[in-house]
Amino acid sequence: MSDPKVGVFVCYCGANINGAVDCEAVKDFASELDGVAVAATYPFMCADPGQGLIKDAIKEHGLDRIVVAACTPKIHEPTFRGCLQDAGISPYYLEFVNIREHDAFVHMGDVEGATRKACEMIAGGVERAKKLEDVPQKVVDVDKSCMVIGAGIAGIQSALDLGDQGFKVYLVDKDESIGGRMAQLAKTFPTDDCAMUILAPKMVSAANHPNIELITFAEIKNIDGYIGNFDVTLEKKPRYVDEDTCTGCGACAAACPIEVPNEFDLGLGTRKAIYVPFPQAVPLLYTIDKEHCIDCGLCAKVCCAEAVRYDQKPQELNIKVGTIITATGYDEFDATKKEEYGYGVYDNVITTLEVERMINPAGPTHGHEIRPSDGKAPKRTVYIQCVGSRDEKVGNPYCSRVCCMFALKNAQLMKMHDPNAEVYICYMDIRAFGKGYEEYYKRAQDQFGVKFIRGRPANIFEDPETKNLTVRVEDTLMGEILEIDADLVVLSAGLEAKKDAGELAKMLGIDRGPEGFFKELHPKLAPVNTKVDGIAIAGVAQGPKDIPDTVAQAKGAASAVAIPMSQGQFKIEMIRATVNEEVCGGCKVCALMCPYNAITYEEKDGHLVAITDDVACKGCGACAAACPSGAMQLRYYRDEQVIGMIDGILNAAKMLEE
């Protein structure tokens with residue numbers, strides 16, 4: 001077999017690379033490397049003329065290996081693979097050398113050093129390219145069903161979009177009702193629409209949709225499999241009420257003598273020991289709180305449908321689906337961590353979500369904002385922004401995006417209820433980023449007279465007798481220290497990843513970002529996809545966002561998983577672990593390292609050997625790195641390919657020194 005003929009193509013990327021690297025000098029160096037038949041430069045290799053240049057060179061010089069020195073392969077590798085395929089050679093005979101992010105961007109101002117590094121990187125790429133192999137593809141069937149985990153507005157929207165396309169959808173939520181956080185809100189900014197008025201129709205549509213099956217009060221326990229064939233195990237918690245016969249009439253709750261704090265109202269109101277979380281709950285089914293139930297039997301006595309089941313047990317469900325969407329939402333920041341604000345200590349320090357429940361007409365105070373200490377309407381309220389956001393001390397350096405608008409909305413609603421009330425907002429920056437949001441901000445100032453103080457309060461003091469509060473803050477615009485007497489202080493608590501997000505991410509096999517939210521495959525080009533084919537993410541589970549962005553991303557996630565389900569098949573490139581059975585010693589180190597449970601063992605010729613599941617394997621290479629005998633290799637990244645690349649880099653360094 002003749003030696004491979006390599007072509008090297010260096011991209012200027014406008015001035016991104018050529019501004020820091022002498023691309024022409026790099027081309028000249030590459031043309032002298034062993035095995036290189038042609039080297040060329042072009043301002044934008046990813047553009048049609050650049051692609052044409054590569055195709056023409058393949059045909060003219062009979063090239064069978066291509067090295068592209070350009071930007072990150074995450075963006076343009078598929079483009080260049082398509083170029084090779086169009087030219088009649090395997091798309092896997094491409095070696096992509098990232099001389100932008102790995103060189104030009106980190107060595108700006110050092111043209112000589114950056115050029116030298118680019119030469120070394122390309123030399124390594126050429127040696128690896130010579131040893132590249134074709135990669136087979138495997139086709140798997142995709143079950144035309146999807147499980148949507150989380151039934152807030154994101155999960156509901158994804159489920160409806162998929163159901164309307166004819167796909168079977170399992171909409172799963174751990175709570176008693178679907179609706180999520182949006183169900184707790186009073187109104188939505190900037191239009192001040194009633195939140196439940198626009199959410200409830202979607203909740204009902206999801207419940208009545210012929211292609212959507214609601215599974216509420218259930219938790220994910222295990223997920224196995226791969227795109228097209230995910231096996232999901234759930235535990236459906238007992239309601240102690242038969243779902244098929246309960247009519248939701250409420251007679252049981254009326255008879256129940258026990259009242260406990262209502263979690264849905266954040267403890268501001270009460271519920272019975274047999275309850276629905278809120279009046280518009282879907283499904284409208286009652287649940288017995290066994291922790292507080294005194295087993296008096298009154299609920300069973302008054303139930304005309306005889307739906308009470310005191311002996312109900314948890315139920316395990318096993319469901320097979322082709323794809324998964326994760327839309328599990330968020331947790332509100334625990335404001336007790338900001339001890340200087342006295343949340344949980346001072347009665348009249350509350351959070352924005354608690355205000356939402358107060359001003360909700362169906363909430364515990366029937367739409368009236370009150371002081372928890374005495375039930376009176378506050379005459380002066382202070383909102384404090386960025387509580388648990390943009391704060392490295394509590395580990396949340398990010399902006400939660402919606403807190404400013406929450407405060408603006410609630411401040412205006414409070415002024416509508418009582419025009420004589422005073423409302424202050426202490427802020428560092430007001431981030432009115434969305435459509436109509438800046439106008440909403442101006443309305444709060446000009447029409448409602450909300451007062452804005454640029455500064456983060458240092459601390460809050462309480463008068464133990466009146467329960468009134470004093471907020472101490474520096475107005476950084478005026479250069480003054482202010483002490484504001486307030487009846488009520490509202491903390492704009494930030495949005496955090498769900499506490500169980502790590503456990504779910506592990507079951508799904510997907511990554512999380514440094515803030516704990518689920519990590520997308522690419523922040524710009526694949527914002528709803530994950531590293532696991534067939535699993536998409538949507539809503540605040542991916543990162544803080546408002547309702548319009550959440551709905552848009554939910555629709556995007558539905559579209560992403562609908563593609564393989566519509567086709568009914570999915571092609572998987574077999575960049576997967578392979579086993580040399582003659583060398584494998586059956587030590588099981590690789591199985592311990594595999595995060596995807598893709599490695600099992602079989603006995604052959606009297607000893608154990610590793611067996612890899614080509615579909616479950618994701619090609620991470622952890623097993624190959626750990627294998628003490630070298631029996632485990634990663635196709636397309638075999639030892640000889642990686643070592644060849646290292647040798648090429650070292651040899652180039654010697655050449656450049658001579």
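Glycine is treated like the rest: Cβ placed from N, Cα and C.
If you take the C-beta of Ala159 (FAD binding site) and look for same-chain residues 6 or more apart in sequence within under 8 angstroms, you find Val148, Ala151, Val169, Leu171, Ala206, His209, Ile212, Ala558. Residues or ranges marked as FAD binding site by Swiss-Prot: 150-173.
Sequence annotations record features per position, and here Swiss-Prot assigns [4Fe-4S] cluster 1 binding site to Cys246, Cys249, Cys252, Cys303. Cβ neighbours within 10 Å of Cys246 ([4Fe-4S] cluster 1 binding site), excluding its own Cβ and spanning all shown chains: 22. In this structure, Cys246 ([4Fe-4S] cluster 1 binding site) belongs to neither helix nor strand by DSSP; it is coil.
Note on Cys256 ([4Fe-4S] cluster 2 binding site): other Cβ atoms within 10 Å of its Cβ, all shown chains, come to 23. Here Swiss-Prot flags Cys256, Cys293, Cys296, Cys299 as [4Fe-4S] cluster 2 binding site.
If you draw a 10 Å sphere around the CB of Cys584 ([4Fe-4S] cluster 3 binding site), it holds 21 other CB atoms from the protein chains shown. What Swiss-Prot records for Cys584, Cys587, Cys590, Cys627 is [4Fe-4S] cluster 3 binding site.
Per Swiss-Prot, the feature [4Fe-4S] cluster 4 binding site maps to Cys594, Cys617, Cys620, Cys623; the stated evidence is sequence analysis. Of all Cβ atoms in the protein chains displayed, 26 besides its own lie within 10 Å of the Cβ of Cys623 ([4Fe-4S] cluster 4 binding site).
Sequence-distant neighbours of the domain '4Fe-4S ferredoxin-type 1' (236-267) (same chain, 6+ residues past either end, Cβ-Cβ under 8 Å): 176, 184, 215, 217-219, 273-278, 283-290, 292-294, 296, 298-310, 312-317, 351, 353-354, 357, 363-364. What Swiss-Prot records for 236-267 is domain '4Fe-4S ferredoxin-type 1', and it gives sequence analysis as the kind of evidence.
What Swiss-Prot records for 284-313 is domain '4Fe-4S ferredoxin-type 2', and it gives sequence analysis as the kind of evidence. Looking at the domain '4Fe-4S ferredoxin-type 2' (284-313) alone, the prediction's average pLDDT is 98.
Among the features that Swiss-Prot reports, domain '4Fe-4S ferredoxin-type 3' is placed at 575-604.
The domain '4Fe-4S ferredoxin-type 4' annotation in Swiss-Prot covers 607-637. Among residues of the same chain six or more beyond the domain '4Fe-4S ferredoxin-type 4' (607-637), those with a C-beta under 8 A of the stretch's C-beta atoms are 92, 132-133, 135, 138, 140, 225-226, 229, 509, 531-532, 572, 574-601.
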Problem set entry | Residues that sit under 8 angstroms from Cys617 ([4Fe-4S] cluster 4 binding site) by C-beta distance, when 6+ apart in the chain | Arg576, Ala577, Cys594, Tyr596, Ala598, Ile599
Exercise. Using DSSP, how many residues in the domain '4Fe-4S ferredoxin-type 1' (236-267) fall into helix, strand and coil?
Worked result: 8 helix, 5 strand, 19 coil
Exercise. By CA distance, which of the binding-site residues (Cys246, Cys299, Cys587, Cys620, Cys627) lies nearest to Gly150 (FAD binding site)?
Worked result: Cys246
Problem set entry | Alpha-carbon distance [Cys590 ([4Fe-4S] cluster 3 binding site); Gln165 (FAD binding site)] in Å | 42
Exercise. Can you tell which of the binding-site residues Cys246, Cys249, Cys296, Cys620, Cys623 lies nearest to Lys168 (FAD binding site) in space, using Cα positions?
Worked result: Cys246
Exercise. Taking just the CA atoms, what is the gap between Cys246 ([4Fe-4S] cluster 1 binding site) and Cys299 ([4Fe-4S] cluster 2 binding site) in Å?
Worked result: 12
For this session: Please spell out the DSSP helix, strand and coil residue counts for the domain '4Fe-4S ferredoxin-type 3' (575-604).
Result: 5 helix, 9 strand, 16 coil
For this session: Return the single residue from the binding-site residues list (Ile156, Leu171, Cys252, Cys293, Cys303) that has the minimum number of other CB atoms within 10 Å.
Result: Cys293
